[in-house]
């Protein structure tokens, strides 16, 4: 049984690992391969700051997948793997200009509470907010860690741009897992999938120990300044442009990010800029996580789609990987492969 | 009297902040700092600089709270300004955890720090050996940056600083009108204060930039304090131990205790060891004294004995010391104008 995962960002690699972990012993004939034109550190995931947080005011219906991801990562925190994975706890602030309802994830994160008036003095212009402890998962470390786990398991990697699902089936692949992110439309048109262009400035500001995320209800998600400290540098952002495919950095966006973040945290004026990056969030009204049967000659070939995670791919990745693995399990059951097939959920 | 000449002895956080307060309240004063050591070789440089107060048994709680509040307010304003990174002041949040629920669940400073509340069950799961905890955000003064920033501000106001070992406060009587004694543990020998004793603290300073929260065991012995570039891991409280030499067995013990609170510290790099002697006393000695020999008087203001709580109350005690200096100046002016009659 040959399975090809297309895409090597956080979604592709975690889905591959989840499938292999759950099925390799039940299905000795399983051959898992990863195909991608970009690998770490050149994927969209690599540019993300890595903060676990579902956009609070969006009505995505993904609470369970987010919770599964958080709980999974929280369980790994105390393990020796955590540092290698780029996983650590981080606390911080979400800021609003008016009171808002509590987010659906308030009981998923740790220590969620409203901000006190004294804390709000730190953030002039914001009159309401939350404090909580969440997780950081830095893909510059997580993706290599996933790659190592997969390599140890005998998964093969191919550096190539797959042009069509048919190309895979013609090679003898039985199941394709489509984790192609923002460019999934090149394999199969999807008008609901659009780039949500973002730009970030990376600075050295090691005195910043908290994430600070502001929200502008009118202008929409990711359009308001945010500051996210990582293990090496701090990410400044606040750009979201729907439908913009341009991956080049914009001077105007740089100015917007820099000025708004320095207003939020004046000490940033002294921070040294070390990098700038633009990326395309694979935005979709809902994540596409479903099976599709595709005719290939006489055969009904299977595709599992797992793309369209917008700006919350890291937040939701493991829950989606497990859901994709369940879909794979259902394919195996239909094919009556593996004798006592009990997918571990 | 024209431009009172004030000598501040000691250049740790107490000496420097006291000198700064004197300049703020008495701009016409000529202030000179004399110290055997300057940053990075003071006791203050070893400390993590966390604003979590120590309780002095001999000082009324409302006084300690006032000192802490003044210090917190002062540093809060700096942390919120463009100077924050240069001054080394930054906000840190985290947890104080207890193996057994403490008698006093609400410390006197709980409404001064930010967002103080008991930890939730979910948060406590991270600390399986601990039953109870408190979560809050407070400020941290990184040294050397904070001391260097104070030195810079002092120099800008015209304060001179000299490396000099003062063997006896009286030796300053001919050059200075008032002496301010901020010698910390040095006061034991300098003024023979037998009520002052060291509580030795050994710490590790490690590179572990993924640790963003502080963790402190309520017993005060084990703590993890993330600084700008390094994490301070502590510690020890060895009463009457004067040794400044790091002990390797102690280092291992500290490291093990901290790793059991925060396992990811196992991956920490570049471990440095430091030792400091907390200048401990039942209460901070914050008072005036007049030394006299052969009819000559030398007013002295003492500001030492802050033990484990120097950073937490430094600005509050510095302001009070500056007030006492003001009183000394008034007394001198009074007696000098009487002498003219």
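The chain as shown is numbered from 1 upward.
Just so you know, glycine gets a Cβ as well, placed from its N, Cα and C.
TrEMBL annotations: computationally assigned, not manually curated.
The FAD site recorded in TrEMBL includes B:43, B:44, B:183, and the single candidate from B:31, B:166 that the record places there is B:166. Each residue contributes its Cα atom, and for residue B:166 (FAD binding site) and residue B:278 (D-dopa binding site) those atoms are 20 Å apart. The Cβ of residue B:223 (D-dopa binding site) lies under 8 Å from the Cβ of B:48, B:50, B:214, B:215, B:216, B:217, B:232, B:233, B:234, B:235, B:258, each of which sits 6+ residues away along the same chain. Between the binding-site residues B:43, B:44, B:183, the minimum number of other C-beta atoms within 10 Å of a residue's C-beta occurs at B:43. A 10 Å cutoff on Cβ-Cβ distances gives residue B:278 (D-dopa binding site) a total of 26 other Cβ atoms nearby, all chains included. Taken residue by residue with DSSP, residue B:278 (D-dopa binding site) is part of a strand.
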